[in-house]
Amino acid sequence: MYDISGWKHVFKLDPNKELSEEHLEMICESGTDAVIVGGSDGVTIDNVLHMLVSIRRYAVPCVLEVSDVEAITPGFDFYYIPSVLNSRKVEWVTGVHHEALKEFGDIMDWDEIFMEGYCVLNPEAKVAQLTDAKCDVTEDDVIAYARLADKLLRLPIFYLEYSGTYGDVELVKNVKAQLKQAKLYYGGGISNAEQAKEMAQHADTVVVGNIIYDDIKAALKTVKAVKGE
């Protein structure tokens, strides 16, 4: 079993986006600590299975970030369950989770499941619109969400999601200073190695996503930038 607490760099692949077999191989053989499969829309059991089968040809750990209960399938190493703490809709905080547990609770392997406390900070992002996230928040608000995840809910992961735009480095630094046991994941807008390295100075885990589809070479350079190898 892998230890997620040591992961510094992960790639996130959207099953609803096209990725060539050649580029997938580059991603999986890049030295990244893991590959997360997940997206905000168009996620189906068919495209999730396609990604799973493709990634399983390689040794890299593989995680399904669950956004649709209908697209869950066995075979992943871990399952990340996001709870959008700044959503205005209770369904994205605990609602869909309750429904899933009602249906699948008896057969779930709890050693494979990790809850993520999300704070979505880009109002233009699909995930913000889907979850009706309250993005016009102050630094004090974000720190309060971090404390909620870390100290009250005791979640293993607090995820700052800027999705599509590069985030506030000082805010990331200040949030990290508040966390005692939760690991800080940062995702959003990383388009080059320099940005990845900058965020890695503060976040425990840097998530690289969209740049994979825009500039595969730039995406691959983020691995060494984050891990310093």
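Easy rule for this one: first residue shown is 1, then count along the chain.
Each residue, glycine too, has its Cβ placed from N, Cα and C.
Database features (Swiss-Prot):
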{"type": "BINDING", "residues": "Lys12, Tyr159, Leu160, Glu161, Tyr162, Ser163, Gly164, Gly189, Gly209, Asn210", "note": "sn-glycerol 1-phosphate binding site"}
{"type": "BINDING", "residues": "Asp14, Ser40", "note": "Mg(2+) binding site"}
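Apart from Lys12, Tyr159, Leu160, Glu161, Tyr162, Ser163, Gly164, Gly189, Gly209, Asn210, the sn-glycerol 1-phosphate site neighbourhood in this chain, defined by C-beta within 8 angstroms of the site C-beta centre, holds Asn122, Ala125, Tyr186, Gly187, Gly188, Val207.
Here the binding-site residues are Gly164, Gly209, and the one with the most other Cβ atoms within 10 Å of its Cβ is Gly209. Around Lys12 (sn-glycerol 1-phosphate binding site), the same-chain residues at least 6 positions away in sequence with a Cβ under 8 Å from its Cβ are Val35, Ile36, Val37, Gly38, Glu65, Gly187, Val207, Val208, Gly209. Asp14 (Mg(2+) binding site) sits 13 Å from Gly164 (sn-glycerol 1-phosphate binding site), taking the C-alpha atoms as the reference points. Ser40 (Mg(2+) binding site) falls outside any helix or strand according to DSSP and counts as coil.
Every protein chain considered, the tally of other Cβ atoms within 10 Å of the Cβ of Ser40 (Mg(2+) binding site) stands at 17. Residue pair Gly164 (sn-glycerol 1-phosphate binding site) / Ser40 (Mg(2+) binding site) shows a Cα separation of 12 Å.
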